[in-house]
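Here is what Swiss-Prot records for this protein:
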DISULFID  103-135  disulfide bond
REGION    194-277  region 'Disordered'
REGION    351-393  region 'Disordered'
REPEAT    189-200  repeat '1-1'
REPEAT    208-219  repeat '1-2'
REPEAT    225-236  repeat '1-3'
REPEAT    257-267  repeat '2-1'
REPEAT    271-281  repeat '2-2'
REPEAT    285-295  repeat '2-3'
MOTIF     390-393  motif 'Prevents secretion from ER'
């Protein structure tokens, strides 16, 4: 018991940095996680598994979705609810798709301590939602959503996610200066400020409602060329009588009326004439009202602050199951998170790449052997076949 407490203490304050949460799924136990029973008939089941072709059957264990076309909800309580006030917060995890995903979320959520994990679902309030989301060709992105004053705010930038079948590492760093970074596979893919890249605050500047466009403002960029004249021979009818048409032999003017030639398209017809367009010498550009300070804007130096973080959870809809979540870490040290990412993710990813390359090489060699065999003369092929003769006993 003492050794367990010591391990927990060391993990929380490892080497001078704080670890608020860590989960590496060292065995197949799922007892620390609570699966949601909300809308139970549509809920899929999470299991701790290593997937179809793990690099290491123990190291690769993770929280896996197991049923197609299901909602998923699961959460684990953080031993001590925390706030990131005055500190950097790093949220990191790995995800591997065990099969090709046509549509499915693979993002993590941080939840308040007042959540009921058994009733956890898509409308449950959360602090942060972070991670990949794939649906068809249109959606392949990393979500970064903050809840600010009760409203969820999506990042205004597009961050592409990985959609292959290898393990990938996703990292979000939120700093106390309201700056953030997003890393994929320990490489920075986006950074900026919470104020600029989310609409959590009203804009600093707005249009002056009292500013009016001057009466003589010209905002028409192009005008008709006054010197361009319509050619004299332009006006030709759209259709003309077909001179090759013949009056039917059985046409009776008394009964059928006077026969008229049918119309056909006129090859000389040029359509409606319009003068060419030229730059307007009086054009002043697009008029915009003067910008003034927004009286509704108020700087908030604590946009980054998330209080009472009490649960880690996954709330997903997946058409294609098989997502494996692992190596979940919440810490105040980007350096420690990077080290852990390299230690836990890198060797697995490199092994998966090597395995993929080896498989591709084997497939190529097999295809070449098959091709060579097909190109052999018939006699050569026959000589390779086992003989049908048998020695007599």
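From the backbone N, Cα and C atoms, a Cβ is placed for every residue, glycine too.
Keep in mind that what you see is a predicted model, and the values were worked out from it rather than measured.
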*Report, as numbers and ranges, which residues of the same chain sit near the repeat '2-3' (285-295): CB under 8 Å and 6 or more residues beyond its ends.*
202-209, 211-214, 217, 219
*Where DSSP helix means H, G or I and strand means E or B, what are the helix, strand and coil counts for the region 'Disordered' (194-277)?*
8 helix, 13 strand, 63 coil
*Restricting attention to the repeat '1-3' (225-236), give the mean pLDDT.*
90
*Give the sequence-ordered list of residues that share a chain with residue 103 (disulfide bond), lie 6 or more positions from it, and have CB atoms under 8 Å from its CB.*
134, 135, 136, 318, 319, 320
*Other than its own, how many Cβ atoms are within 10 Å of the Cβ belonging to residue 135 (disulfide bond)?*
15
_Tally of residues which DSSP labels helix, strand or coil - the repeat '2-3' (285-295)_ = 0 helix, 3 strand, 8 coil
_DSSP-derived class (H/G/I helix, E/B strand, else coil) of residue 103 (disulfide bond)_ = strand
